[in-house]
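Report on one structure; see the data block that follows.
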Amino acid sequence: MADVELVKKMLRAVLQANKSGVSLSRLQSEYKELTGEQIPHKQMGHNHLDALLASMPTLVRIERNRSGETMCFASGSNETAHLAKVVARQRSSKKTGRPHLVNTQMRVKPAAPLVLNGKILDHHFGAFASINTSTQLFTNKYGLKQSGSSVAQYPNTGIKQYMFIKDLNVIQIPGSGKGKPYNPQQVQGRIREILGKYSNGFWVSKLPQIYRELYKQDLPTESIKDLETWTHICTVEKTCSSNPSELLLYPAKEQTATSSPSPTLNPDSTSAPVPTSNTPADKPLQSPVQKRPPSARLTRSGSRSPHPDLKLKLEELLVKYSNGLWAHALPKLFQDTYKTKLPGHVLENLHLLSDICTIDYPMPDNPKRAILYRRSSTGVGEGEDENCNRRNSSISEEELMVRQELGRRLSNHAVPSLQIPKEEYPSVLVVEATNTNAVILRYIGEGYSQAQESMEDEMREFYGLDQSSPCPLSSLSSGQLVAVRAEEEEEILRAQVCEVMADKVKVYYVDHGFSEVISKTKVFELHEKFFQLPFQATKCKLAGLGPFCQEPAVLKKFETMASGRILLAEILERGQTPLVVLYDTSQDDDVNINAACMKALQDKTLASPLQVNSAYMNVTVSSVCSDGTVYCQLPSRGLAKLNEILENIETYFHSQVTSEFLVSRPFCGKGCLARYKGKWSRVEITNLHGSRVLDILFIDVGVQASVEVFELREIPPPFLRDLMAIPPQAVKCCLADLAVSVGSWTPDAVQWLREKVLNTTDCSMKVAKVDETKRCIYIHLFTDKSFHDPARSLNHQMAQSDLFKQRPDVFLTSHRFLLLLYLPVLFPHCLHSVKKSHVHMTVFFFSGNNIDVYVSVACHPGHFVLQPWRDMYKLVVLMGEMILYYNKTEQKPLNIEKNQIYAAKVENNWHRVLVKGVLTNGLVSVYELDYGKHELVSCTQLRPLIKEFRQLPFQGITAQLAGLKPRQWSEEASIVFRNHVEKKPLVAQLEAVQEAANPWDRKLTVFLVDTSQEERDIWVHDIMAEFADDAQNVKIN
């Protein structure tokens, strides 16, 4: 007998993944794609599938389209029903009844495979120490939710424990594991800092607490044992007590200037010499009573300590890049900002900057690849920002205290303040905005809209219309919190009195965010039990719209796109008024509301005028994309004005010596400036790969690029309005009358067209068609002015050529899903016949060890893929390096061979992959060696994997669950297993290692342990054993 609830769950997943409906035949095939089985309608008592669906009206809605085909749509789910209820119950000043339902199907904003918008603060041996407390839902193609760990407090189980989440940001919470490798130089430097503050000594037993308070990390247990050996750092003194744990810790005893070895000569200081180390915390301590000139300290190479003015400038740059600044970027950034060269000895002696920053080396084999992080305790950079925020916060807190005191005085109760949701992308209901710096909204979800609904239902009962209900208030005062019966509906809402009139009163609905004048007879005393929920109406600021916060065109656009809708909010800054980017994710493509509002400022008269059958000369082809899309610039008023403004900006930047224009908080949709062919050009940020690397689009030439954040500049305020008014000058075009559509071009065709047009300054074109839906112009393109003769067009030349002929395929198939499902079966030999032309680094494992892992892929207990936790940060760094390298290199013809390793672009990231087959239409089947996923990519998206990117061992390791006998796992058991382990940080206890010639062929047998529960550890094999027992019982019966 089929599991009815499981079938419904799978059907709902398929239906919700197809918002525009799915035909009956496609529903069957997509269900099988998801579960591996047909929909079991006969086992559920129905002879036909449509009869089964008709019996589930709450799950599926069946309609017929114009052609008579049966289409299936998802009916409202509980989540959808809740969102619909939120919208329906939301009151506004413009409301005249219950509104129509809008945008209630929300999805989590898609993320890159690893770190997005991550803030990496400090790390050692590749571990992360950035702590975040958000909850993220991971969804697969069909929207099946798999929850990631969140704010978990881990028990001391003897296994090192970690926490992971925030849009796949990797986060570490050190536990109390013993024997775990740690960075002794980093710990030594920090202990030296602590002893500088407590020079009179303290109990060793207090060291872990002090260390945790200062560095937000636990002190490695092993380091306490090593204290006695660090005589150059500290002195450990035993007391008279018989208790060996009662030890005193003092600064190291004085050493003379002739002590050896001594890499830092400091004749005026009484503190210990600095050991030979490049770790961030290794800095010499100055005596608190003695002062010396900076020039008195020399390094081994004789370089002097940086001048205080130089340090001040470097610190100013680090303030701008709070997520870290790569050392290799310093020279150019320093030159551009301060119009002077950075002294060469600074990069050679980074440890001299340890008093203003911490230094990390994520690529130990390349010491030049260091990351600098500003110290939180500095007095200039962050301190000023924090003080500023503190001042703003104190003002807001003071206002809040006055408001609460007024509430206490008038109603004897205080309402708690509203907390910002912990997730990075909460759903919000936008109420209204008269200023983009003060958008009124409500948060959606448990503890917010759901709690409000429950409270208002309870208020409706409490303030009912029977005789026992409370009487209207006879005395009202401004600021008083009251209960109000709404004018048009039988709703009881919380409100605050704004103004008292003769027989009416003006109130502000604190949970709905608007004011209204009502009769005094509708105002009641607010009972004490309704003071417990924070006011739900709150405010936010829209990122990037500050200078145009009250612009009528912007507010009108926002009103049209956002007001009254449930949207997704990306929280960039958490404060009294959070800084956000809003997204409408109800359609197939996400819409960035902030970016759309900025586009409302554009002057349409400055756009390139285009009409069908019109010809245009002096056209510049600025870009030819790999899919065949062409971007052109046409002579126009807008282009002339743009060039003039950009020239003025060049002059302006040359005259400015300031870090004011560095982009410190990038976000998707932000408009700024970047260098293109040596000159500043307008760009829009299209994607972020962590906090350092991002993708941009040069909107006036149509060129995409990947850059580091330090290469961007803010648009100077004097030019901002004029520049925003000019629409993008790159016109997206496609060549008309070609048999091959965009996206199916061969590399040869793309290269041919590039050679013809990119270096030609006098092209012409004729418009054949304007496709508004795709925002694309279909044209005939000419390299001269002969647009009257279609035979001379490049379109005609390409159509007559062999440029679009595909190369022979190694493997042909038209069944993409079957191919992906059975790739391991179709190509079992591929994984064993790789040429040994390259030596690949290997991660070594030993039976009995506990390993901190992240499960990237989970098919069933017999096959899943682990990633070792300790090297995940190195993988993030590597992928950032690959993005920068490959997105800047020209695409060249590549002879792709099976069983060879390449770099492949999958969505927006570059991965290390193994080619398993070349398929139809130039598609290539690849296996991601770091994530364990099978993908199909275009052959144009492959590049040779250079030696530098082969140093890190491949991170995807195949595994099977220990403690269970091998068996054929049911789909239900596989789903349960995936929900427990996939996309989660776990502890793997290694049982056995099955070695192989290639690292990706190895297979581990492990126990998986979920340590996220406070009261107990969850051993996954115990859960799966229940399914094994059930299957055994079925066979016996």
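Glycine too: its Cβ is placed from the backbone N, Cα and C atoms.
Note: TrEMBL annotation is automatic and uncurated.
Keep in mind that this is a model prediction, so the values were computed, not measured.
The compositional bias 'Polar residues' annotation in TrEMBL covers 255-280.
TrEMBL lists 3-76 (among others) with the feature domain 'HTH OST-type'. In the domain 'HTH OST-type' (3-76), helix, strand and coil residues by DSSP number 32 helix, 12 strand, 30 coil.
The domain 'HTH OST-type' annotation in TrEMBL covers 183-253 (among others).
Taking the domain 'HTH OST-type' (306-376) as a whole, pLDDT averages 82 in the prediction. The domain 'HTH OST-type' annotation in TrEMBL covers 306-376 (among others).
Positions annotated as domain 'Tudor' by TrEMBL: 475-533.
Residues or ranges marked as region 'Disordered' in TrEMBL: 253-308.
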Exercise for review: For the domain 'HTH OST-type' (183-253), give the DSSP counts of helix residues, strand residues and coil residues.
Suggested key: 35 helix, 12 strand, 24 coil
Practice item. Could you give me the DSSP helix, strand and coil counts for the domain 'HTH OST-type' (306-376)? Key: 33 helix, 10 strand, 28 coil
Revision key, fill the gap. Its residues classified by DSSP, the domain 'Tudor' (475-533) shows 7 helix, 29 strand, 23 coil
